[in-house]
Amino acid sequence: MANNSFHGSKHGQLSEATHEGEFSCSIQELRLLMELRGPEALAKIQECYRDTNGLCTRLRTSPVKGLDGNLEDINKRKEQFGKNIIPPKRPKTFLELVWEALQDVTLIILEVAAIISLGLSFYHPPEAKRQSEVVAGVEDESEADAGWIEGAAILLSVVCVVLVTAFNDWSKEKQFRSLQSRIEQEQKFSVVRGGQVIQINVSEIVVGDIAQVKYGDLLPADGILIQGNDLKIDESSLTGESDHVKKTVDKDPMMLSGTHVMEGSGKMVVTAVGVNSQTGIIFTLLGAGEEADAEEKTEKEKKKEKDKDEAKVEMQQLKEQESEKKKLPKKEKSVLQGKLTKLAVQIGKAGLFMSVLTVFILIIRFLIDVFGIQGVRFSKECLAIHVQLLVKFFIIGVTVLVVAVPEGLPLAVTISLAYSVKKMMKDNNLVRHLDACETMGNATAICSDKTGTLTMNRMTVVQTYIAECYYRKVPEPHLIPAKILDLLVVGIGVNCAYTTKIMTPEKEGGLPRQVGNKTECALLGFTLDLHRDYQTIRNEIPEEKLYKVYTFNSVRKSMSTVLKNPDGSYRIFSKGAAEILLRKCCKIMDSKGETKDLKPLDRDHIVRKVIEPMALEGLRTICLAYRDFPSTSGEPDWDNESHILSGLTCIAVVGIEDPVRPEVPEAIRKCQRAGITVRMVTGDNINTARAIAIKCGILQPGDDFVCLEGKEFNRRIRNELGEIEQERLDKIWPKLRVLARSSPTDKHTLVKGIIDSTVLEQSQVVAVTGDGTNDGPALKKADVGFAMGIAGTDVAKEASDIILTDDNFSSIVKAVMWGRNVYDSISKFLQFQLTVNVVAVIVAFTGACITQDSPLKAVQMLWVNLIMDTFASLALATEPPTEALLLRSPYGRKKPLISRTMMKNILGHAIYQLIVIFILLFIGEKIFDIDNGRDTPLHAPPTEHYTIVFNTFVLMQIFNELNARKIHGERNVFEGVLRNPIFCSIVLGTLTTQIIIVEFGGKPFSCVGLTIDHWLWCVFMGLGTLLWGQLVSSVPTSWLTFLKTAGHGTQREEIPEKELEKLNDMDAIDHAEIELRKGQVLWCRGLNRIQTQFSSLCFLWRELGSSAPGFPGSRADFMCVCCVQSSSNRFTQTFLPDVLILYPNELSCFRSLCEVIGKQFLVCKYSC
């Protein structure tokens, strides 16, 4: 299709290059349109399409009915304008993961040593046999010829370790992509198709769709507003401007993907999707171009590419800057990460010290024994043998390091989190950020919303005050004066969002379905109970005819809609919090349907006798009111809200019931039993909130706890200057249980105050629930933010860590259980691994000192390493949680990973294993009447003696895995073992592999086959660990006062000073606000730089025009401008910065540079 420009299609006429069945707008035309802003964009729409209706006609869609939903038409639009999908980053291949696994430093050292050992084994200098007999006592040349086997076996073991690691990474990557896919499937958006409002996946939106936007939405595509009600958009993710932008059809109709709807509602026609939207453009600039270049670059182009390098570096700087921002560290690591990092460093240092000491002692002993005691003189003929021995010592030292360094820790964490995340999906917890899973295990406080989380979010009007009568149930229509009834039905019909509806039940005999805001659903249901149909009113007054809408927000606490009457007068309907809106009423409808003055005494009487009794029963109280503006006084100043929303006439007050979820009281009891404080933070009346808190069990009769309203809360925590003081806050929050009539700012203040408080010995870990757009700051500030999957806005979901797919508080309790289980799984793994570490390192070190060799050979050590790292992490990190996890207090930030009980278990089992190993090592040959394996020659064949030592050692680890399942002193180590098939499979698989290695491993594994008697003794000593475990459990930990804990929490890691300097304009720095969440990463500062330099492009076009080499003749041929900082950083000192000008078809790949114009401009030209 021809590439249409704006200038080629004026006044809504079709492009001359079109034919039947084609659209008369091109991708380029629409993309260029979306680059414009404000009046400029509006002028272009009027110039080219007349108005938005003309644009809809060109896109072959209806602004009222939308697309017809025809599958052929939808597919054609996807083919013509693209799909609403931004291609994800290409996953790493298995070979790339193998290469990454090979980068491990210890494995590299081991590989080098094995290769040296392998090479030296084939080198036979003259008289080597005689010298080797002197040096090492080699008895048989054929045995010496087999020296290559050890080096080859080490290399083979390294390959196995690398392959297993790569496979684990690959499966983890696959699972996380599956999780990401699940998150994306959850993202739906409302569009009009065939005249019906339907919800479709964001990826199914196409150009020409009429999308309904509402408060809290994250716009999934670019579009042009065709109808809006009080619509305000947060475009800070694009422009960096914090002020909300008001969107209207006649002033600024440009709706951009990736921006947030902060207020209001409306409809837009979709004009750009996927890579052609503003979101996609920046994604392309920041990454896709690189991959396209990498794939298409050929050998022939390499020379040409050298000429481009200098310019590409400049573009690369932009990408790297964005990459760095995306990788900006959090203000603090998660609790578990901090503890593990510190512990891993400590263990690593100890392991490095022991490995170096082992090598040093082996070398010293060798020198003393050979050159001192035996008196052998150094000669060139002996050099190869000496080097081979030194390499052997080096390999022993490295294997000690391999065993000592806890490489399995990150794997155990990853496996445990991945396993938990997968299982948590079934418990209605969709985890967006992995560390949130384990952080929930440390939660000490939960700040929960009321509506929908603690309650069922199915609201119905059950009481009402109307026509000066207080009805305890919905009155019959004939009891209400006709005038009041008409006002009531019209007011509710037009002053509720048109997207809110009461639908027919899904099943016959079921309850009607409530779609949209549940408070509004209750009001609409109220009209149906009065035998009046609100839809009739809406058909008479469609949404497009509403003159003005003041949408609900946390400041107004009300919603108002203005209607213009045929005589030129206006009527405004309002609904909102009863005690707030009633204060703005000066009149009320009486029993005859007439208006009368509402005196202060009458108002107080209604509050005391109607509103407070309703609230005490846990009902949400809503006041319905109206006001007329006569045509004689002219059009009011609609921006003066305080004037508009005053002098109202009260129509009615209704009490709305939202029952407590039946499972919530028990869930809160579990939290309290688990040491977690539950606080309710709600926008409802304090009496309503207190009543619900009592029903839920948050408040108990006789409790010395506090319930506060937002105003009183702020009065108590702020000084005379209005500043929040932590000391004042510390006096309030420990006893605060209900915060009513609170704003999102109050919620953020409370959460921040609790987290920052040091008043309690244990630092608080806070979880928060939220569903509204303004809950974002509190959700980000919290250690774990829960968003509502059903009632939650897109903005709240983007700011959250976990999405509750059923909006149910009891699901949070399950998250706590899974979080604690992650913590325990890591502790179990540590208990097992450190026992192996201690025993293996001491055995290797002692063997080096006494026998000049390690009883456990390098290949055997690698097998042990595989058992304790990969297999143990799989076995112990996949334990399912139990209710017992909720019977103890949270670990807290400073609680050590390795408790004194665990330390007792580690040292206790290490003592048993060391006693058994040393008995076998030094007198085992006498016990079993076999040849002594100590002091064997360099390439001597394997011995039964050392095979028994190795076999017993491994079997003790296998049986000790059962002991490691219990870390709190429990005696029954078999409890629940059959509920974990992964554990059983790994233990059986490891045992089977060990049998194969011993019986058939031969020289590569330094093993010989054992007799049945030997096997029985090995199994008996392995089983002894279970009996010994019972003995260790019997020793009270309190007796062992000398034991120390390990893996303490670190202090909260602050942002580096350099980062603080960059961010010194921020009042408070919060890692969740600095870390760019998904949905904001793409378009942050990068697009801001691009768009703010558009004026530079215009200036360049005007100044240079077509005189520049390869320069286009029309400004419309440009796509965007990328600002790249010059090396001198004199950005503000020059009128124009360095810019890279790109043509529309260059966004996914930067091909070549043509001319350098002046010193500051690079013109990029597409050369394909």
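Including glycine, each Cβ sits where the backbone N, Cα and C put it.
TrEMBL: automatically predicted annotations, no manual curation.
Keep in mind it's a predicted model, so treat the numbers as computed, not measured.
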With the ranges 678-696, 944-962, 1134-1152 to choose from, which does TrEMBL describe as transmembrane segment?
944-962
When you get a sec, could you say which of 147-168, 829-850 is annotated transmembrane segment by TrEMBL?
829-850
If we skip the immediate neighbours and take only residues 6+ beyond the ends of the transmembrane segment (393-419), which ones have a Cβ under 8 Å from one of its Cβ atoms?
104, 106-107, 109-110, 113-114, 117, 154, 165, 168, 172, 175-176, 336-337, 340, 343-344, 347-348, 350-352, 354-356, 358-359, 362-363, 366, 434-435, 437-438, 822, 825-826, 829-830, 833, 836-837, 840-841, 844-845, 848, 853-854, 856, 858, 861-862, 864-865, 868-870, 872-874, 876-878
Where among 829-850, 906-924, 982-1002 do we find the most Cβ pairs under 8 Å to the transmembrane segment (1014-1035)?
906-924
Surrounding residues of the transmembrane segment (906-924) on its own chain - C-beta under 8 Å, 6+ positions past either end:
831, 834-835, 838-839, 842-843, 846-847, 851, 855, 898, 930, 934, 945, 948-949, 952-953, 956, 960, 963, 1021, 1024-1025, 1028-1029, 1031-1032, 1035, 1043
Folded-back contacts onto the transmembrane segment (944-962), same chain, C-beta under 8 angstroms, at least six residues removed:
832, 835-836, 839-840, 843, 855-857, 860, 863-864, 867-868, 872, 875-876, 909, 912-913, 916-917, 920-921, 924-925, 928, 930-934, 973-974, 977, 983, 987, 990-991, 994, 998, 1006-1008, 1010, 1014-1015, 1017-1019, 1021-1026, 1029
Residue distribution over DSSP helix, strand and coil in the domain 'Cation-transporting P-type ATPase N-terminal' (46-122):
47 helix, 3 strand, 27 coil
